Amino acid sequence: MMRILLFILTNLSVMIIFGIILFITGIKSSSSFGLIIMSGVFGFGGSIISLLLSKYIAINSVNAKIIKNPKNDIENWLFNTIKLQSQKANIGTPDIAIYDAEDINAFATGPKKNSALIAVSTGLLNNMSKKEAEAVLAHEISHISNGDMITMTLIQGVVNTFVIFLSRVISKFIVNLFSTNKEDENSYESENSWSYFFISMALEVVFGILASIITFWFSRKREFYADAGSAEIVGKNNMIAALQKIKNTCEPNVGKELLAFCINGKKSFNEIFMSHPPIDKRIQALIQEKYMKK
């Protein structure tokens, strides 16, 4: 789940920064069409920036060490396993990194299939059998080969666009509703007021949280398909065994920004705010071969 939350938070931060820049510079949208265009540019802009910086953000958020020249048996095994699985998935071998954490986890990120990163926790390497670890790695390889990073970027871009557009339209309506200068209700002069600025920023945060429900729904679906992809590479019994091992371990100790791209996510008070389906549901889907290619 780490991956998606980092992605969402980065997007939200970029949108807020864009909003501050627009307010300071006094740039206004003189029409609804102009506002739609501006919302789309900044909405997708934030999403694309998040994607382009995803590897850098991921590496630094967990202090991961990229393996360029394997120095021991574990690193050699990890490097060779990911290289072999990448060939089976018809993608370029991603950069490989290890980060120090007790939890059993791994995540994949990157701007495109042939320029990706897979990071693995020391907890995974120390506590999983090779068959279980291979299943986890195949899960991350499937995320890359399925183009999940691009998919989530497009989804987030659309979500961002609606968040920006609605927050500004509603903010203008609220400001004009309480404005004493009714002659300017049809203009966008209200965009220069501090009240408009704070209301629009607050609405962006609120709508951003609500919109994350959509993002999380897509993320949960992608997890099912990544599990199925792993099962096709290493066998569903190995993937089920890996999930059962993960179920009995602690939650991932990583930044919120990367949670969605981990093999395991964090629990929430409600499933709609979870980037990963409950592990029991994932195991059941594998048993039924629900998301596997027929």
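Cβ from N, Cα, C; glycine included.
A simple way to gauge crowding: the CB of Glu140 (active site) has 28 other CB atoms within 10 angstroms, across all the protein chains here. A helical conformation is recorded for Glu140 (active site) in the three-state DSSP classification. Annotation comment: Swiss-Prot describes Glu140 as active site.
For His139, His143, Glu223, the entry in Swiss-Prot reads Zn(2+) binding site, with the evidence type sequence analysis. Under 8 Å, Cβ to Cβ, and six or more positions away along its own chain, Glu223 (Zn(2+) binding site) finds Ser275, His276, Pro277, Arg282.
The transmembrane segment annotation in Swiss-Prot covers 4-24 (among others).
What Swiss-Prot records for 33-53 (among others) is transmembrane segment, and it gives sequence analysis as the kind of evidence.
Sequence annotations record features per position, and here Swiss-Prot assigns transmembrane segment to 147-167 (among others) based on sequence analysis.
Feature annotation from Swiss-Prot assigns transmembrane segment to 197-217 (among others); the stated evidence is sequence analysis.
When the binding-site residues His139, His143 are compared by the number of other CB atoms within 10 angstroms of each CB, His139 has the fewest.
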